[in-house]
Amino acid sequence: MPTLNCSLQGPAHGPVTGPVPTSNSHSNARQVALKILSTSSSTSTKSSSLISSLQSPSDRNLCTNLVQTANRREGQIDDIIQRHAKKRPKKVVLAALKLGIVQMKFLDTPPHAAIYETLEALKTFPSVSKPQVSFVNAVLRSASNSTSPLSPSTSNLSPHISSTLSSDWGSSVMSEVAEVYSLHDGGVTLSCTDVDVVGEMFRTHNVTNEISPLGSVGVKNPGSIKKLPGFDEGLWWVQDSSASLPAILLKNSIERIKKEGETVRVVDVCSAPGGKAMQMGSWGWEVEGVELKEKRAKRMRENIERTRLQNKVTVTVADAKTFQPSLPPLGFLLDAPCTATGTGRKNVDVMRRSEAEGKKMEEELVNTTVGIWENAKHWGSKVCVFSVCSLSVREGESQVDTFLRMGGVEIDRIMPEEVPGFEGSIDEQGRLRIFPSDRGDGFFITRFIFV
């Protein structure tokens, strides 16, 4: 398709053809989406506030889907814009092109409806001129008539993330991760104090849900999290299925070694926002969560109070490289600070990370984790679990090699029956390497026993 010679000051083009959509067309959702996409902080708290301002749940869902898809498909959308516009516009005009392309190419909106609704939303911005509206009209019409295939989903990843994934795992895995990260499923996964109670409550309130073999509850298009049944009662908290595994694996080890009637004391390192600590507290364990930053610790305390677990879970603000528990914990969980490249399903920013930023972050976090491990291995624990929500070999497998060279521990192999649904993710050494999928985020988990 040849490039259109369009400019922001060019002549107006003809009207969009096709039937005009009815008034029930989520116009407000598109206006808010356009406003969010025209700013530089479309994943910020401000965007969440704008979406929440929409009165209709369907409008909120549509707006979220538009924004998320535009962000996740940025590379593919930019490729379409480059093929159909000679000059790349800025701010709201560029956002309008993204909004129209998202609807036509990724959300199966009929082209005439997508273009019409985009132009109507654009016209509500007082700073937009008629030539700019005509420009958007022309580019979108050209894109709608194109039969060129979409660029691959790998174009949505930054060169650094693509090269790192390819180097560690090969181009096939990199492509699979890119495809998962390009999708917006709108779902949320919950851990519960009592999954049967929560399941029954959701059924009573007609909340469509699915309980996983691990006991997590999946909810599609939940709307406002705080309005879901059981939130105020503290019966559940948001936690990915993969993220629930480290605590489950620690529990299995401790159940094998604890004495009858023994109080189980554990330390949860780098604990905020507290999902794993609340898991362990709900089992009746005494949990001390260690968190470096007071702001994150405050959020964790709020979560603990909502779930009524403050008698079991405490939070200590301290540097885990020097922290000393008051009593030797039977075990500890180190969900180490990492680049979080396994969380792209909900954190679109990890798809964009530059090489300079990524390498600096990884270097600092690996050094921090080694320092924490050197301190924690002297606490007198019998078992521990190490995990990272990263896809990096250096942050995962290589760190385990470092811990083994430092001595004092052996790998406690993870068995298939412990991780239903993730049996195929166990490697030859009995560790878990989970890649992102519709089952959960990417994680690396190793269990140790002290010798």
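In case you wondered, yes, glycine gets a Cβ from its N, Cα and C as well.
Some features that TrEMBL has for this protein:
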| type | residues | note |
| --- | --- | --- |
| ACT_SITE | C389 | active site, nucleophile |
| BINDING | C270, S271, A272, P273, G274, G275, K276, E291, D319, D335 | S-adenosyl-L-methionine binding site |
| COMPBIAS | 38-54 | compositional bias 'Low complexity' |
| DOMAIN | 153-451 | domain 'SAM-dependent MTase RsmB/NOP-type' |
| REGION | 1-28 | region 'Disordered' |
| REGION | 38-57 | region 'Disordered' |
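What TrEMBL annotates, mapped onto the structure for a quick look.
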{"residue": "C270", "record": "S-adenosyl-L-methionine binding site", "Cβ neighbours (10 Å)": "20"}
{"residue": "A272", "record": "S-adenosyl-L-methionine binding site", "Cβ neighbours (10 Å)": "22"}
{"residue": "G274", "record": "S-adenosyl-L-methionine binding site", "Cβ neighbours (10 Å)": "27"}
{"residue": "K276", "record": "S-adenosyl-L-methionine binding site", "Cβ neighbours (10 Å)": "28"}
{"residue": "D319", "record": "S-adenosyl-L-methionine binding site", "Cβ neighbours (10 Å)": "12"}
{"residue": "C389", "record": "active site, nucleophile", "Cβ neighbours (10 Å)": "27"}
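Cα separation, G274 (S-adenosyl-L-methionine binding site) to the residue listed as 'active site, nucleophile', rounded: 15 Å. Calculated from their C-alpha atoms, the gap between C389 (active site, nucleophile) and A272 (S-adenosyl-L-methionine binding site) amounts to 14 Å. Mean pLDDT across the domain 'SAM-dependent MTase RsmB/NOP-type' (153-451) comes to 94 in this model.
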